[in-house]
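**Student:** The structure follows.
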Amino acid sequence: MSMEPTMVKVRVPAKVNLGLAVGPVVSGYHQIATVFQAVGLYDELVAELAEPGVCELLGDLPDGVTVGEDNLAIRAARLLMARFEPTSGVRLRLRKRIPVAGGMAGGSADAAAALLACSVLWDLDTDPDDLLMYGAQLGSDVPFALMGGAALGTDRGNRLAPALSRGHYHWVLVFGAEGGLSTPEVYRRFDELNPTPASPSVPTDLLEALTSGDPHAVAEQLFNDLQPAAISLQPKLGETLEAGRAAGALAGIVSGSGPTTAFLAASESAALDVARQLKAEGHQVVRVQAPVAGAKIIG
C-alpha cells in the first residue's frame, strides 16, 4: 500500500455552455442537451490530512460561499468519508476565482476538486469512472468539471460524451455587476416563459462547428434557452451582450443560468481588443482560452 501524502493541491476549471437546450421536467429535473467547454478560469483547492472525523473548509472566501455542510466541496469529502471510512479527516482550503452564482459551475468545480484531492489524499481505491459516478450524485455539472475539454451533456447534463473540439478558442468573460443569479430562480422564470417546452435536441450543428476549429463557425451556433429568463431577471445583461458585440466579439451568450456573459473572439488579439473596450466601459472582465483539462493535481 502506498504512503498517503499529507497535502494535495488541485486546480479545476470553470465551464461555459456553448449551447443549452432546455426541455420539460422529468422526475423533478429539467431535461437538457448541452455542449460544455472548460475554460481557463480556475479555482484551487488544497486538501490536508486532519484528525479522524474532521471535515472542514477554510479560506478567505467571497460572499455567498458557505463553509458549512451544504458546501459542495464539504459534501464531496463527506461522501467519500462515508463510502471509504478513511482513518484520517480532511481540512480543505479553497481559493476561488470562478464567480459565485455566475453560471460557470463554480460550486460544482469545487466539488470535483474535493473528490479528486481527497481520493488521492486518502489513497482510495477509485478510478476516474468512480469519481464521475460520485460527482453525478453531488450535482449535474460536477462530472464535467472532472472531465474538462468539451463534451455533450444530456439528461440533467450529467450524462457525458466527449466532444471533438479542434483548435483554441478565445473568450472574454464579463462578470455580473448586479450580483449572482440563483439557478433554481432562472429555471422557474424559464418555466413561466415556456410552459410547454419541447424535448431538447442534441445541437449537432454546434458539435460539427467545434470539429472545424473555426471560431466564426462556432459563433454562429452559440445559443442558450435560459438566456431570456436570465435577462428578464437582470435586464442589464441584454445591454452587456450588445456592448460585447459592439466591441468586436463574434458572438456573446449568457453562460448557463448567468449572470456571467461570454464573448467569443476571432483571435487572441481580437479578444484583447474586446476586453479593453468592455473594461473601459466599466465592466469586470477576464480573458480565457478554451478548451482546457478538467480537475488536475498540481501539488
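Including glycine, each Cβ sits where the backbone N, Cα and C put it.
Curation does not apply to TrEMBL; its annotations are automatic.
Relevant sequence annotations retrieved from TrEMBL are reproduced here:
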ACT_SITE  Lys15  active site
DOMAIN    71-149  domain 'GHMP kinase N-terminal'
BINDING   Pro99, Val100, Ala101, Gly102, Gly103, Met104, Ala105, Gly106, Gly107, Ser108, Ala109  ATP binding site
ACT_SITE  Asp141  active site
DOMAIN    206-283  domain 'GHMP kinase C-terminal'
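Would you situate these features in the structure and describe their surroundings?
**Tutor:** Within its own chain, Lys15 (active site) has Phe36, Gln37, Ala38, Val39, Met104, Ala105, Ala109, Asp141, Phe144, Ala145, Ser255, Gly256 as residues 6 or more apart in sequence whose C-beta sits under 8 angstroms from its own. According to DSSP, Lys15 (active site) sits within a strand segment.
The number of other CB atoms found within 10 A of the CB of Ala101 (ATP binding site), across every protein chain shown, is 20.
Asp141 (active site) carries neither a helix nor a strand DSSP state and counts as coil.
Averaged over the domain 'GHMP kinase C-terminal' (206-283), the predicted model has a pLDDT of 97.
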**Student:** What is the number of residues in the domain 'GHMP kinase C-terminal' (206-283) that are helix, strand and coil, as DSSP sees it?
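**Tutor:** Once the DSSP states are binned, the domain 'GHMP kinase C-terminal' (206-283) shows 45 helix, 11 strand, 22 coil.
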**Student:** Excluding Pro99, Val100, Ala101, Gly102, Gly103, Met104, Ala105, Gly106, Gly107, Ser108, Ala109, which residues of the same chain place their Cβ within 8 Å of the centroid of the Cβ atoms of the recorded ATP site?
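**Tutor:** Checked against the 8 Å cutoff, the neighbours are Ala14, Ile98.
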**Student:** Report, as a single number, how many Cβ atoms besides its own are within 10 Å of the Cβ of Asp141 (active site).
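**Tutor:** Neighbour count, Cβ to Cβ under the 10 Å cut-off: 28.
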